[in-house]
């Protein structure tokens, strides 16, 4: 599974495709909202990005891709470097 | 072609394009015909699917947009009008041209992406107009970027990004500003806009905003694409366009110049933050906001079913995300009650209750890893239409596919024409050899004196004869095509040409089921094209001219096909100004086609047919449609090359009728062998109505001609011996005359012969070599015993 759901944390690994969107939406709807670790995320489908932008979870690790990180930071209200 | 898949795709694509075009044409006339809409949609859909197998994104994309447009028509969201049809035709034509190009080179021409983008934008334009009432923001399909939009977009970037762009420009490298607004259904089309943008070559910076105000997670549709990208790339516009070629019609590109950046950054000052830095969302807070909004909406308005159901579905969604399924049930109950009472009170009561619950919502009571809800909350009874759960949409697709499968055309097998031709030749030979069996039977009896043997051979012959005939019919049927194959392109052609000439023409097609041999059908196309164009260009008058002549403003053009004996007749008839024989004669003399002396002897009807003479054209000016002085000459040469004839009849002021007479098939003909005029001859069976023997006393002489009465009908008689200039066989006075009653040019005629013989299937060979000029014969054939039989052409003889 490219997205791993652990206790209170959601890890994105490698290529995360649109198939994950529904489950991610459900997981993010849980209180307290889990943290996201994107540090191992290679590619993130637009649908997942949108969900993250809508849910604005706490992000503990940012992707390697600079542009993606920039977009995520802005969309989630996180601090820009 | 090395790619077998592509080789199979090309003819299939052509067929699909053809059926799309003809369907579209029918649709223009009857826009409400749901079946035709479905057919066209299905054809385009199939084409899109198959084209996806090849590296032809521009083609796939264009078909895709056409499909979207047709989809909107199918869903009654868009009304077809001639402009849309024109654009769709243009798209189909372009796809046809590409397919032709791919057949040669296996790839698309280099400018395909650009052309595809332009055409797609054109098609999308129709969709956008129709959607303008919707809330969905559509990026205007503009090729030129207006400066204020550019300034606004540039203002979205960080100062550093703009500095990078400026640096690149200063080094003389191109910088392109990209604005990309993916369609809301982008995910369903398999595109991933975010990664498309992130993979843009030499991406300098990218910004993203939601297309609509971002909804809270509870109302968020995970499968609706809701993002707009603005990006800077250190590449030329063309390179970027190539990268974004699948989405070109949703993308606006602008090649930046240094002054753009200088001016705009000065105005915009420090780069503005895209969105307000919000605090981390808290679900309960969001839920309370939603509930508060719904309360406000409901209490501020009178009862309306839509309002209540919107509130109910909002609550249902909340319930799903907060794991309070009891609320979902309550929402449905409240909505039902509200609808029953026609009052918002029950719904409001529930909302206030939920609001109170939320205030004391115990977050810790909810297990952190709650089991996933089995499904989205049950939809409210009359949930609003604009929120179909994605699952339903996805589930509906296969059902739709199953339905379309039922309408799939019959299975066909594509076979190389050479193989069919070989079969045709073989069956021809077989029929000829089969014909030798009766001779063998006769020999068994005459030479070897065995009647029994003779009878057995005849029995066997009867079986082989039947089988050979069935086989021949079957092979013929394979080669037979309906004339609709040629006729189908004319509705479109007539429409286009008439529109271009500013004339109004109604085309009527009759007898498109008439079948003829493939070679004949294929040969028909070009001549017919010339004739129809001629009719439209020269024959049909403009609407004003027609009104002045007291004719209906809309001209009638008829395309007819029917079978007559061994021929297929194609007629093109218009009710235009007709052909003036005097003008034709004068023009023919002037062009040296005919001498004045001969012209004077020509009847009006014959004069009209001078238009088929080589080098003849009466067009006062050469148009791009017809009138280059080659058309009608080519028509005659082609038709005659296939053993056909062409004839024009015209009444000035009333119209023109062009008739093409073509052999039905180049294959086997059934003939009757007859005795007469000192030899044996064949007569095509389908000319013969019946055979009778009459007493000489029943033959009446009217001056030079003879006639007899058959069932109260006077039938003129001709003697074969006289027709061929041969001596007749001497007959006894009381011997009855054998008369072959034939139908020639629609008239009944009797031909006196010596005797009737058997019927026979033969492969008719045309008269060639030194006998080519012999009149009265349509061809020769080989008999089973090796003799040559001449087959009479009754039309010419009688």
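Glycine too: its Cβ is placed from the backbone N, Cα and C atoms.
TrEMBL labels come from automatic prediction, so no person has curated them.
Keep in mind that this is a model prediction, so the values were computed, not measured.
Marked as compositional bias 'Basic and acidic residues' by TrEMBL: B:399-413.
Feature annotation from TrEMBL assigns domain 'HPt' to B:1-102.
Summed and averaged per residue, pLDDT over the domain 'Histidine kinase' (B:404-666) gives 80. Sequence annotations record features per position, and here TrEMBL assigns domain 'Histidine kinase' to B:404-666.
Taken from TrEMBL, the feature domain 'CheW-like' applies to B:668-798.
The phosphohistidine annotation in TrEMBL covers B:45. Look at residue B:45 (phosphohistidine): DSSP puts it in a helix. Within its own chain, residue B:45 (phosphohistidine) has B:67 as residues 6 or more apart in sequence whose C-beta sits under 8 angstroms from its own.
What TrEMBL records for B:365-413 is region 'Disordered'.
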Which residue counts does DSSP give the domain 'CheW-like' (B:668-798) for helix, strand and coil?
18 helix, 75 strand, 38 coil
Summary of DSSP states over the domain 'HPt' (B:1-102), given as helix, strand and coil counts:
83 helix, 0 strand, 19 coil
